[in-house]
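I have a structure I would like to understand better, so I am pasting it below and will then ask my questions one at a time.
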Amino acid sequence: MVGLDSSHLLRDKILCFSSRSHINNQHKKTSYALSLNHMKLPIQRTLAFALARGKGEAESFSRLEATFGDNTSTECTWSFDFPDSKDAMSHLKSEADLSGSNGANNVASVIEKLNALRSHLLAAEKWNASQLHLCDSKYLECATNLVHYMALRSLDIEQLNSHLASLGLSSLDNNNLDVLAHLNASINLLMNDQNAVTESWTNVYPKGKSTKKNDKGRVLSYKESLLGKLREGRSTHIMVTIGEEATLSETFITDILKAGTSVIRINCAHGDPSIWGEIIKRVRRTSQMLEMPCRVHMDLAGPKLRTGTLKPGPCVMKISPKKDAYGNVVSPALVWLCLTGTEPPAHVSPDATISVQGQDFLAGLQIGDSIRLCDARGRKRRLKISKEFHVFNSTGFVAECFDTAYIESGTELSVKGKKGRRLVGRVVDVPPKESFVRLKVGDLLVITREGSLDEPSVTVPGAHRLTCPSGYLFDSVKPGETIGFDDGKIWGVIKGTSPSEVIVSITHARPKGTKLGSEKSINIPQSDIHFKGLTSKDIKDLDYVASHADMVGISFIRDVHDITVLRQELKKRKLDDLGIVLKIETKSGFKNLSLILLEAMKCSNPLGIMIARGDLAVECGWERLANMQEEIIAICKAARVPVIMATQVLESLVKSGVPTRAEITDAANAKRASCVMLNKGKNIVEAVSMLDTILHTKLIYKKSDSENLH
């Protein structure tokens, strides 16, 4: 009886393999069973058994599938006709066989089990030989090791690991980089003869002697081919998401590169080619000037469900001085006055920035001047110039404001200049206020198709309204299913549907309500939705990415079919060198990860995996995220594929300027990944600098714990 390991709640395809021997041209068969009566599986699982055909017949990969429903205790046993006692599986006895032995007998029993396990791995490799032949030569060893690892994971080896530990050997799970070499080393150590065993047990695909140094060298080469060379003193790259704000500052790109950024990420779900091109031009120029290599990664939007665009709010900003509990001003608001695009010095942190039209107006200002204006409410206000700074070829001023003011585009600024001459300037480029709806528990939200937001809802008068540009939502959801917004910040239950509307009752939000704005994520984890791998927009954007970026991110990968479509598009464009980052952010993408990797290894492009923890947590449940992250890292390490850890890394620091303790620990744990991604925010430069410091820090104890997992 061979029990499957139940410690991994979410497991990819489980492969169990067997060989077939011939005695007098007759197949001597033995029946084996797999019992899962002790398992509770949270999602559907598939068991696949690979069987070889008879003598002289071509090898095949036969699949016998059985699935389990959600959270059910399944008493289920399968019987299959397997070969005789030479079958590798038959050597794996029950746990009691080892627990009842000791001394030399115990060692002999462990060796017997390890030999049987090795036969199991080699059989897995042999039966997948036809598929492995299709892998690109640079990934052949990686794919073979991944097959070994998945074959190992198909068995319950917990008891065997326990006995290896009692004999002073490491667990079989501890070295994913070369599973077979680690297994051979364990056998050799137990037999006390390094050359006694491995001579007759070789891979279907021979390779040189595996050592820890060689393994790490190969992994580093895969990392560098995708992400570029590492900064000195670091073993992990830093990726930063930037948008249009990077084009409004002359120093932003320089600052984040100096802080430690080695990869820039652009999200094709936002902006357009004109904005992307300006960002990339600045990154390339600054990287060359600073002699700091920086690669450009562009994420295709993918078939993600998002809220539609809301009408922009008014172009007005609020400037407020700090007040005490009695409403008395304790310190003025600091305002940066400048020409459009002129950033303040790094040590200056203004409360607001006012762009002024008119070089003559700024040129005539002096420290001590008092600027007069009439704000959007008709209130008279003054800004007192306190400091002057020369920034590149421009000049900016810091002004103090002692009263609350609402400034809008077109507001007139005036000041008495030299010889009593009155100088006049106008406020320009005040960004529009972000529009949103504030949702509370019990509220009703009507989601409509794009273009119908202005049409009043007849069915639910007075309800909040948003649009969704994707027809998938309206074609897939049913009443009673849950729906999440903005990475799980808001949850609701679908109350009704029609061809053009979905009615949602809000079940989770903050007590005072949670804002939901434009282009925020929508998740429907219980719905049976079938996306295409690449949308028409993705294919169009891929042409731009191919000629401008170093890497492309493929969003919402779900199965092997998505990879097949991607390979076809890459082949059409002859993009053999473009880095590919597959984003794992759905339940099906996680479930099919090993098969997705094996399919992706059929092309020669540099390959990586991004763990998109935001959507993954919403799709699969917060309580499962940690285990799923570890599972993904372990599988990618076996495949020797670089891992990018993303979503909410140092998010509080990025947004508020102060990190949480949990964020620091999370960032330190991210050392195990090949790259860590930070999202944009007003304190992003400080966040990159802190992350760079954390990644440079080396533990002086337990060195193995800080080694990279890939």
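From the backbone N, Cα and C atoms, a Cβ is placed for every residue, glycine too.
Look at Swiss-Prot and you will find Ala88, Met89, Ser90, His91 tagged as ATP binding site. Positions annotated as substrate binding site by Swiss-Prot: Arg265, Lys583, Gly614, Asp615, Thr647. The K(+) binding site annotation in Swiss-Prot covers Asn267, Asp299, and the record cites similarity to another entry as its basis. For Lys583, the entry in Swiss-Prot reads site 'Transition state stabilizer', with the evidence type similarity to another entry. What Swiss-Prot lists as Mg(2+) binding site is Glu585, Asp615.
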Round to the nearest Å and give the CA-to-CA distance linking Gly614 (substrate binding site) with Asn267 (K(+) binding site).
15
Relative to the mean position of the Cβ atoms of Arg265, Lys583, Gly614, Asp615, Thr647, the recorded substrate site, which additional same-chain residues have Cβ within 8 Å?
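So the extra residues in range turn out to be Glu585, Met610, Ile611, Ala612, Arg613, Leu616, Ala646, Met677.
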Tell me which of the binding-site residues Asn267, Asp299, Glu585 ends up closest to Thr647 (substrate binding site) in space, Cα to Cα.
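Comparing Cα positions, the closest of these binding-site residues turns out to be Glu585.
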Using a 10 Å cut-off on Cβ-Cβ distances across all protein chains shown, tell me which of the binding-site residues (Arg265, Lys583) has the largest neighbour count.
Arg265
For Glu585 (Mg(2+) binding site), which of the three DSSP-derived states applies: helix, strand, or coil?
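Reduced to three states, the DSSP call for Glu585 (Mg(2+) binding site) is coil.
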When you measure from the Cβ of Gly614 (substrate binding site), how many other Cβ atoms are you left with inside 10 Å?
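For Gly614 (substrate binding site), the count of other Cβ atoms within 10 Å is 19.
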Out of Asp299, Asp615, which of the binding-site residues is least crowded by other Cβ atoms within 10 Å?
Asp615
State the count of C-beta atoms found within 10 angstroms of the C-beta of Glu585 (Mg(2+) binding site), not counting that atom itself.
28
Please report the Cα separation of Asp299 (K(+) binding site) and Arg265 (substrate binding site) in Å, rounded to an integer.
7
According to DSSP, does Gly614 (substrate binding site) sit in a helix, a strand, or coil?
helix
Record lists Arg265, Lys583, Gly614, Asp615, Thr647 as binding substrate; longest Cα-Cα distance in Å?
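Max Cα-Cα spread across the substrate binders: 18 Å.
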Check each residue in the chain of Asn267 (K(+) binding site) that is at least six apart in sequence and keep those whose C-beta is under 8 Å from its C-beta; list them in sequence order.
Thr241, Gly243, Met298, Asp299, Ala301
To the nearest whole angstrom, state the Cα distance for the pair Glu585 (Mg(2+) binding site) and Arg265 (substrate binding site).
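The Cα atom of Glu585 (Mg(2+) binding site) is 17 Å away from the Cα atom of Arg265 (substrate binding site).
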